[in-house]
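Database features, via Swiss-Prot:
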- 29, 30, 31, 32, 33, 34, 35, 36: ATP binding site (BINDING)
């Protein structure tokens with residue numbers, strides 16, 4: 001709960017330091033005295049936006065500090081631990097501090113550690129809930145009505161799961177859209193690839209085939225020339241009857257043999273010529289073999305030349321060298337396979353998106369069931385409360401409209417608060433039928449009921465009793481006091497019938513010092529509360545009757 005609030009140089013507050021206790025604390029004062037200024041300052045500790053006008057005129061900076069005492073089961077206690085912001089010497093204490101400079105810059109601290117404004121907002125949701133004087137106007141908005149039903153239902157885990165399931169589905173839906181867009185963009189490419197791959201598959205060029213075809217084509221196209229050249233070579237080597245290398249070498253070896261017998265120095269020459277003769281004879285035999293295998297097949301040559309021509313044509317089409325066409329075929333196949341796999345991935349993603357949507361609908365259905373149950377109870381409880389607030393013939397209803405085909409992060413429900421003000425009338429939406437006073441009373445009843453379901457330790461009601469008076473105001477005070485038995489209640493009010501129900505009372509006064517306006521807030525003793533209430537009852541002049549009435553009001557409550 002909030003135990004201390006210190007304010008320095010904020011607006012018309014020069015210095016303020018108040019201590020707060022359990023139960024119901026009321027803040028009272030004359031109209032225009034600045035009763036809500038402490039609540040406004042407290043809002044800065046919860047991360048609200050700063051303005052330069054917030055700094056007291058003539059001062060360099062304003063500073064607001066709020067001290068909370070936490071119980072170990074409070075989510076704020078665990079949040080501080082997770083964020084490593086706990087005071088190791090006093091882990092159950094949480095001090096929020098905000099400094100605003102005159103130039104508009106600000107600093108935020110939690111337990112003396114610098115933090116961001118968003119971190120202040122995050123922890124604030126576990127510490128305080130402020131019910132403002134404009135809540136009755138918010139009551140006309142369907143989104144706010146849904147929020148109130150959820151607050152009363154007290155199913156935060158279900159709301160978190162709803163948001164998570166919705167986000168999961170939304171992410172998958174976006175992925176599907178992206179995939180489908182890419183698939184559409186790739187369709188033309190896929191069709192072209194399929195045609196190209198089919199064409200190359202049918203052509204079926206083997207690795208190195210083109211080079212082999214070139215060699216074979218050269219051989220076949222030169223067969224006549226090869227035959228002629230081979231015959232000419234054979235003539236010179238051995239087949240010319242007049243003169244040939246074989247016979248000449250043979251005759252030479254005979255002469256050298258005789259020389260070697262006469263002179264051993266010719267032995268080496270003898271060996272060389274014998275080797276040469278063997279080489280010539282082997283070469284002759286090889287040429288004879290090769291020439292006998294020379295093909296002259298015009299049809300085969302035509303087929304090979306046609307295959308080469310087709311290869312060159314395909315290579316030009318794909319803008320590669322003929323010898324690289326096989327590798328190009330592999331690349332195109334790989335790209336086509338990737339696009340086909342991409343289409344399969346899209347189908348898998350669509351199936352995932354479908355399952356996520358079904359899961360989201362299931363969570364939305366569970367959320368609807370919880371809301372329907374709490375909506376019935378809320379309507380009954382609000383009806384009971386507003387009857388106590390001088391709306392004896394009124395009936396309050398909560399209509400829940402569900403469309404599982406239009407699920408959002410908040411579920412599939414649309415809430416409408418309706419009211420039957422008088423007997424014999426049909427219920428109508430609040431915006432069409434409720435007066436300002438009725439809205440204030442309904443709003444207050446709902447705020448008390450929904451706050452009662454909350455685990456937040458401190459509830460602030462900032463002039464929520466606008467538009468009511470007399471006996472109705474007394475009932476409001478009683479409701480707030482009952483609520484303070486379960487949590488700390490801070491109430492800004494101008495009604496004595498509400499103020500008298502407080503366990504503690506603070507009075508706000510506005511005065512002038514050195515031509516500068518200041519506001520101060522003072523904690524009142526029980527004795528001091530009597531004239532303060534009397535002033536609320538009778539204005540600036542406090543009569544004996546007003547004092548007696550004020551004392552009686554306090555006696556009846558306490």
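Residue positions begin at 1 at the first shown residue.
Including glycine, each Cβ sits where the backbone N, Cα and C put it.
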Neighbour count first, Cβ atoms within 10 Å, every protein chain included; then name which of 30, 35 tops the list of binding-site residues.
35
Excluding 29, 30, 31, 32, 33, 34, 35, 36, which residues of the same chain place their Cβ within 8 Å of the centroid of the Cβ atoms of the recorded ATP site?
508, 510, 519
Most Cβ neighbours within 10 Å, among the binding-site residues 32, 34, goes to 34
Cβ contacts of residue 36 (ATP binding site) (under 8 Å, same chain, 6 or more positions away):
462, 463, 492
Residue 33 (ATP binding site) in three-state DSSP notation
coil
